[in-house]
Structures are given as structure tokens and as C-alpha cells.
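Okay, structure first, notes after.
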Amino acid sequence: MADREGGCAAGRGRELEPELEPGPGPGSALEPGEEFEIVDRSQLPGPGDLRSATRPRAAEGWSAPILTLARRATGNLSASCGSALRAAAGLGGGDSGDGTARAASKCQMMEERANLMHMMKLSIKVLLQSALSLGRSLDADHAPLQQFFVVMEHCLKHGLKVKKSFIGQNKSFFGPLELVEKLCPEASDIATSVRNLPELKTAVGRGRAWLYLALMQKKLADYLKVLIDNKHLLSEFYEPEALMMEEEGMVIVGLLVGLNVLDANLCLKGEDLDSQVGVIDFSLYLKDVQDLDGGKEHERITDVLDQKNYVEELNRHLSCTVGDLQTKIDGLEKTNSKLQEELSAATDRICSLQEEQQQLREQNELIRERSEKSVEITKQDTKVELETYKQTRQGLDEMYSDVWKQLKEEKKVRLELEKELELQIGMKTEMEIAMKLLEKDTHEKQDTLVALRQQLEEVKAINLQMFHKAQNAESSLQQKNEAITSFEGKTNQVMSSMKQMEERLQHSERARQGAEERSHKLQQELGGRIGALQLQLSQLHEQCSSLEKELKSEKEQRQALQRELQHEKDTSSLLRMELQQVEGLKKELRELQDEKAELQKICEEQEQALQEMGLHLSQSKLKMEDIKEVNQALKGHAWLKDDEATHCRQCEKEFSISRRKHHCRNCGHIFCNTCSSNELALPSYPKPVRVCDSCHTLLLQRCSSTAS
């Protein structure tokens with residue numbers, strides 16, 4: 001339809017008159033019993049009747065040829081608009097003229113809405129019939145699909161506000177479609193892809209591309225429903241009487257749900273989407289009058305049957321509504337009786353409450369008199385209390401000063417405690433550091449243990465040497481003691497011999513006097529013997545002194561050896577103490593090693609569990625990816641028909657009798673035998689099936705990643 005500019009009735013008649021293109025397209029004839037109806041202003045239903053009328057109207061057919069009805073509608077429109085203009089001219093100027101103009105524009109908008117809604121019904125029906133005959137897959141060259149987009153564009157442009165800018169006036173339906181991106185996040189992909197198309201230069205082209213993509217996604221009805229549900233946002237773009245703002249918008253959304261059955265493959269590249277708005281081709285929906293003359297009786301019968309079914313359905317609906325209303329009336333009568341009972345109870349309660357109110361007033365007066373008396377008494381009491389308060393305040397001030405001092409002392413104590421706490425925290429950190437150092441010390445003590453063992457072995461060897469030396473010294477001491485005892489015996493013998501000699505000398509001296517002569521002779525012999533004996537005595541004295549010196553030196557050596565033995569005993573006791581400490585450290589080390597082994601076992605078990613969990617997770621992720629790809633393959637990849645493909649997708653060679661067509665069971669596209677000679681097992685097929693080269697390499701990479 002051409003855009004309306006508002007004016008005389010003749011102009012409106014020209015706009016509503018359909019432009020017929022020569023040459024009938026596919027599906028140019030309607031079935032018998034179908035018609036397209038252009039409604040007059042007087043026949044328009046109210047907004048409340050639209051909801052109930054849409055259900056039976058879906059089953060209704062069209063009962064007259066569209067051309068005659070279109071001419072009749074244009075005549076009615078011209079007559080009604082002419083009468084409206086004459087009435088406006090007769091009333092003359094001011095507010096009355098504006099009111100009639102507004103009423104005329106509202107009527108015009110209502111007629112346009114009804115015509116567009118019926119046109120949308122026709123275009124969707126013809127599109128579905130042609131799609132069913134062709135196999136439910138459509139492309140951009142399909143004539144009913146093109147006409148559907150033209151009608152859809154007219155519906156979206158109906159009642160659209162004109163936006164003024166510095167460049168000029170702009171009237172495009174892409175503005176409200178952009179709101180879908182904010183209301184429905186799923187539509188963001190469509191909006192971004194439309195904006196990124198470099199071929200589109202105008203907002204009209206972007207809006208058409210958006211409609212193409214939404215139809216291919218099978219979500220056109222959902223997106224438009226979201227828009228219509230948010231009419232407060234649409235009011236910025238549309239007039240209040242626009243199609244998208246009224247009930248007809250919801251009807252069109254319900255009709256668009258049926259298009260989700262179709263598969264549309266529309267290529268946006270190479271399409272001139274920025275061109276002017278197309279004209280609706282009524283040749284797709286028209287039949288010749290000659291063809292319709294033969295089926296008039298059949299049409300009348302079908303009309304009568306349809307009207308009969310419609311009346312029966314209305315009767316059923318009305319009987320149901322009557323029953324519902326009867327039940328509602330019964331419920332309302334019951335509630336009314338209950339409310340009357342409650343009202344009587346409420347009136348009785350009000351009377352009792354009024355009596356209680358009078359009693360309370362009398363009690364209030366008595367309480368007031370008593371309160372006045374009590375106020376005088378309390379005044380006297382307050383004076384006494386003031387004096388006591390002043391006295392107590394002085395005491396409280398003193399108490400406050402004492403408490404303030406205590407508070408200061410407690411603050412000091414608190415600061416000291418905080419310092420101690422900080423010290424304890426420091427000690428705790430030092431303990432943690434000491435624990436770490438202990439671990440280091442254990443390693444160092446292990447090294448010192450090895451060194452101490454070596455030192456123990458050396459000390460044992462030294463002790464053995466010293467023990468042997470002590471034994472040798474004791475044996476030599478025993479020998480020397482024996483020699484001393486022998487020398488003492490010899491000296492005793494010499495002393496006894498000396499005594500004997502002295503006795504002999506005395507005898508000799510006595511005998512000398514008696515026998516001087518004999519002694520004089522023997523004196524020389526005895527003198528020589530005495531000198532020899534004296535020499536022997538001196539030698540024996542020298543030997544005794546040397547033996548005594550040797551004894552002293554041996555005693556000193558013995559004492560030194562005893563000291564060394566005592567020192568060695570002390571060192572051995574210290575070493576034993578250290579050995580005991582080392583044994584305690586060994587026990588601690590063993591306990592720590594056992595704890596370490598247990599912790600290592602727990603760590604290894606946890607690592608094994610983590611590895612197993614990682615393997616399970618990786619396997620589950622791979623399974624999820626396989627399932628997602630299978631779902632994508634089931635959802636996204638369209639199974640191409642043999643008629644749609646003329647060339648191989650990979651090598652782009654034309655199919656012939658020798659070069660046959662083969663489907664890839666993974667992506668659904670058609671390839672030649674050389675490009676799809678591989679076979680692989682897929683999750684959706686139990687046996688190995690034919691796969692193209694690209695899918696074969698991709699599946700092999702995935703299998704290798706899962707195996708690794």
C-alpha cells in the first residue's frame with residue numbers, strides 16, 4: 001500500500017484501491033470457500049469483541065472474491081469520508097471541526113488496522129500453502145515470502161511517528177526493533193550482525209535484514225510479543241491508534257507463530273534491502289470471476305455451514321457462561337446473607353462499645369480528680385527529692401572522679417595487656433619460626449649424629465688404648481713394688497748383718513783388748529773388709545734414693561693416669577647423656593618421619609583422587625562437548641535436500657549421472673564421492689557412516705585429544 005497523506009476522500013479511495021500486477025504468480029487462486037474481507041467503519045468490532053472473535057474467525061473462510069469486496073470497500077470508504085467531510089464543513093470551524101477531524105482519522109486508522117490484519121492472514125495462509133507444496137523450505141526468491149515481508153513492513157509502519165532531525169524527517173521501523181535487544185538478550189546477535197553488515201546504508205534496510213534473520217531463527221513471533229507486552233516503550237515510536245499499540249498486534253503475533261514450521265534460507269548478501277517500500281501484489285490472492293461463478297453455490301453452502309457451526313459454538317459458549325454466572329450469583333447471594341448477619345452483629349457491637357465509652361468517660365473524670373490531688377502531693381515530694389538529689393550529686397561527682405581515675409588506671413593496664421598480647425603474638429611467630437628451625441635442626445642433628453658416632457668410635461679406640469696403657473702401668477707398678485719389697489728385704493738383711501757386724505766389732509773390741517796382738521794382726525784385714533762393706537752400704541743408699549725417686553715419679557704418673565681416667569669417665573658420662581638426648585631426638589625424628597610418611601600417603605592419595613577426578617572431569621567435559629555437538633548437529637545443521645544442491649560443497653564440481661550426490665551424516669551437507677569417502681562411528685549412529693573430509697579430520701582430532 002502507498003503511504004497516506006490525509007486529505008480528500010478521493011485520495012483515500014485511490015490509496016485503498018489495490019494495484020494489480022500483470023501475470024499470475026504461483027498460488028494465484030484461492031481455494032473455493034475463501035475470501036479476503038475489507039471491513040467498513042460501521043462493521044468494526046469493539047476492542048472487547050476482538051478477543052472472542054479471533055477464535056471462530058480462524059476457522060472461517062473467505063466467501064467472496066477479493067476484487068469485488070475491495071471495490072465495495074473503496075466505495076463505502078469514499079462515501080463515509082465524504083459524509084464526514086460534509087458534516088465537518090456544515091458544523092464550521094473551531095473545536096467542532098477539530099473533533100470531527102479526529103474522529104475521521106480514528107475511523108481511518110481502525111479501517112487500516114482491520115485491512116492490514118486481514119491482509120496478513122491472507123499472506124501467511126498463502127505462504128504456508130506454498131511452503132507445504134514445496135517441502136517447507138523457502139529462499140529469498142519465493143514470491144509469497146517476499147509479499148509476506150512487504151505486508152509485515154506495512155504493519156510495522158502503521159501509525160509510526162515521524163522523527164525530525166537536522167538532516168530531515170525520518171520514519172523507519174528499525175527504531176522499535178532495536179528495543180528487542182534490551183528486552184530480550186537472545187536478540188543481541190541479530191542486532192550486532194545487522195549493524196555489522198557493510199552493504200546496508202539506511203535504517204529501512206537494517207529493519208528488513210532484522211526481519212529476515214528473526215524469521216530464519218524462528219523467533220519472529222516471540223520478539224514481537226516481547227515488544228507488544230512493553231507498550232509503554234512503544235509509545236515513543238507509535239501513535240496511540242497504531243496497529244502495534246492495539247489488539248490487532250497480538251492477533252498478528254498469534255498468526256506469526258504458525259511460521260515457525262517453515263525453514264527459510266535467506267541470503268542477505270547481494271540483496272537490495274535499502275530500496276523503497278514494495279507494493280502488495282494482490283494477484284497472489286485473487287481468482288477470476290469466471291472461475292468463481294461455478295462455485296457460488298458451494299460457497300453459499302460452506303458459508304451456511306460455517307455460520308451454523310459458529311452459532312452452535314456461540315450457543316455452547318453462552319450456555320457455559322450462563323452456568324458460570326448462575327454459580328457466581330448463588331455465591332454472591334450466600335456472601336450477601338453472610339454480610340447481613342455480620343452487619344447486624346456489628347451494630348450490636350457498636351451499641352455495646354458506646355455504653356463502654358460512657359463508663360470510660362465517668363472513670364476518666366474520677367481519675368482526673370485523683371490525678372490533680374496526686375500532682376500536689378508529688379510537687380511536695382519533688383522538692384524534697386531535689387534537695388536529696390543535690391546532696392547525692394555531690395557524692396556522685398566524687399564517685400565520678402574516683403571512677404575516672406580507675407578508668408585511667410584500667411586504660412594503662414589495658415595498654416600493658418595489649419603490649420603483652422603483641423609480645424605473645426611475637427612469641428607465637430617466633431615459635432612458628434622455631435618450629436621451622438627445629439625441622440632444620442633435625443636435619444643438622446642427623447648430620448651431627450653421624451659425626452658423634454664417628455667421635456664415639458674414636459673415643460672408644462682412645463679408651464681402649466688408655467686402658468691398655470693403664471694395665472701396662474699397673475703391671476710395671478706391681479713389678480716395681482715387688483722390686484722395692486725385695487730391696488727392702490735386702491736392706492733389712494744388710495741392717496741385720498750390720499748389727500751382727502757391730503756386735504762382732506764389740507766382741508772384737510773386747511777381744512782386742514784381750515788380744516791386741518791378734519787384733520793388730522787381723523786389723524789390717526778387717527779394715528779392708530770394713531771399707532768394702534762401707535762402699536757397699538753407700539751404693540745401697542744410692543740405689544734406695546734412686547728407687548724412691550722412681551717411686552715418686554711412678555706415683556705422679558699414676559695420679560696423672562687416674563686424673564685422665566676420671567676425665568675420660570666424665571667425658572664418657574657426658575657422651576652417654578648426649579647419646580640419651582640423641583636417642584630421644586631419634587624417637588622424635590622417627591615420630592616426625594612417621595607423621596611425614598602418613599602425610600605423604602594422604603597427599604599421594606589426595607593427588608591420586610584429584611587425578612582421577614580430573615580424568616573423570618575431562619571425560620565428562622568431552623562427553624558434554626560430544627553431546628553439544630550432536631545437539632548442534634541436530635539443531636543447527638539443516639539436512640539439505642537433493643534438489644537444493646547442484647555442486648559439491650568442497651570441490652564445487654557439478655553433479656551429474658557419473659558424479660553422484662552423497663550426504664555427510666555429521667553436518668548434513670551434500671558432497672561428491674571423492675570428498676565424502678571416509679567413514680566414522682558417530683554418537684547418533686551405531687555403525688560407521690559416511691563423513692566429509694573436513695568432519696573426518698575434526699572428529700579424528702577430537703578422538704586423539706580424548707585418547708591423550
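Every residue, even glycine, has its Cβ placed from backbone N, Cα and C.
Within the same chain, residues at least 6 positions away in sequence whose Cβ sits under 8 Å from that of CYS651 (Zn(2+) 1 binding site) are CYS672, THR674, CYS675. Classification of CYS651 (Zn(2+) 1 binding site) by DSSP places it in coil, neither helical nor stranded. The Zn(2+) 1 binding site annotation in Swiss-Prot covers CYS648, CYS651, CYS672, CYS675.
Secondary structure at CYS664 (Zn(2+) 2 binding site), taken from DSSP and collapsed to helix, strand or coil, is coil. For CYS664 (Zn(2+) 2 binding site), the count of additional Cβ atoms within 10 Å of its Cβ stands at 24 [all protein chains shown]. The Zn(2+) 2 binding site feature in Swiss-Prot is assigned to CYS664, CYS667, CYS692, CYS695; the stated evidence is sequence analysis.
For 321-374 (among others), the entry in Swiss-Prot reads coiled coil, with the evidence type sequence analysis.
Residues annotated as coiled coil in Swiss-Prot: 405-617 (among others).
The feature domain 'RUN' is assigned by Swiss-Prot to 139-271.
As annotated by Swiss-Prot, phosphoserine applies to SER620, with the evidence given as a large-scale study or a structure entry. Its Cβ placed at the centre, SER620 (phosphoserine) has 10 other Cβ atoms within 10 Å. When secondary structure is read from DSSP and collapsed to three states, SER620 (phosphoserine) falls in the helix class.
The feature region 'Disordered' is assigned by Swiss-Prot to 1-57 (among others).
According to Swiss-Prot, the feature region 'Disordered' maps to 493-522 (among others).
For 615-625, the entry in Swiss-Prot reads region 'Interaction with RAB4', with the evidence type experimental evidence.
Residues or ranges marked as zinc finger by Swiss-Prot on the basis of sequence analysis: 642-700.
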CB neighbours within 10 A of CYS692 (Zn(2+) 2 binding site), counting all protein chains shown, number 25
Across the zinc finger (642-700), the model's average pLDDT, rounded to a whole number, is 85
Rounded Cα distance, in Å, between CYS648 (Zn(2+) 1 binding site) and SER620 (phosphoserine) is 36
Long-range Cβ list for CYS695 (Zn(2+) 2 binding site), cut-off under 8 Å, min separation 6+ in sequence, same chain only, gives CYS664, ASN666, CYS667, LEU680
Across the zinc finger (642-700), DSSP yields 11 helix, 14 strand, 34 coil
Same-chain shell around Zn(2+) 1 excluding CYS648, CYS651, CYS672, CYS675, C-beta within 8 angstroms of the CB centroid, reads ARG649, GLN650, GLU652, LYS653, ARG659, PHE671, ASN673, THR674, SER676
Around the recorded Zn(2+) 2 site (CYS664, CYS667, CYS692, CYS695), other residues with Cβ within 8 Å of the Cβ centre, ordered by sequence, are ARG665, ASN666, GLY668, HIS669, PHE671, SER676, VAL691, ASP693, SER694, HIS696
